[in-house]
Amino acid sequence: MGMSGLKLLKYVLFFFNLLFWFCGCLILGFGIYLLIHNNFSLLPSLTLGNVLIIVGSIIMVVAFLGCMGSIKENKCLLMSFFILLLIILLAEVTMAILLFVYEQKLNSYVSKSLTDSIQRYHSDNSTKAAWDSIQSFLQCCGVNGTSDWASHPPPSCPSDPQVQGCYAKAKLWFHSNFLHIGIITICVCVIQVLGMSFALTLNCQIDKTSQALGL
């Protein structure tokens, strides 16, 4: 690969990471917005705002290393970018395996957390907003049905007395969209592998160019 190929690879990697840096900014901003408004916190230890802030921050840091490492042809930054992507990829694979192995325990934990959150419906505005949104979106009521509500179901519950619980509806929605979720997950992994490949190739080309120039 000549100097023109090196420049092409450098700018491809730069713009590739610049795009993801902007995506990270948007995710981080949306996470901060949700955190300020204190919405969507059905699981006490895992709010949507916190998750988005963590994901957005990680994307921004990794993309920044990729941008700076490629445009400045800095081997240290490129290898840091490569190692972080590798760690994230391994973490994703490990998480997928753990979710598969401990599926039943996870189901029990989620069901219990949702049941506990119902008790906070009238005392916590964020929990109330989250439940109303989920019940309206999925057309469900409670965790397992209308009987989960001690007095009477909230207005966000459908009027049908035979309406399904949100836990069963959420699982049904996940299974019906499993193909799309799988495609998105595979695309994310492919993008990560491509980013790692570009970083490693650019790093090797910087070495070869330096040797050719006698540096």
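Easy rule for this one: first residue shown is 1, then count along the chain.
Backbone N, Cα and C define each Cβ position, glycine as well.
The recorded disulfide partner of CYS157, taken from TrEMBL and restricted to CYS141, CYS166, is CYS141. Of the listed cysteines CYS76, CYS140, CYS204, TrEMBL assigns the disulfide bond with CYS166 to CYS140. You'll find the Cα of CYS140 (disulfide bond) roughly 6 Å from the Cα of CYS157 (disulfide bond). Cβ-based crowding with a 10 Å cutoff singles out CYS140 as the top-ranked of the disulfide-bonded residues CYS140, CYS157. A separation of roughly 10 Å, to the nearest angstrom, links the Cα atoms of CYS157 (disulfide bond) and CYS166 (disulfide bond).
Counting only same-chain residues at least 6 apart in sequence, those with a Cβ under 8 Å from the Cβ of CYS166 (disulfide bond) are LEU114, ILE134, GLN135, LEU138, CYS140, CYS141, GLY142, VAL143.
Neighbour count (other Cβ atoms within 10 Å of the Cβ, all protein chains): 26 for CYS141 (disulfide bond).
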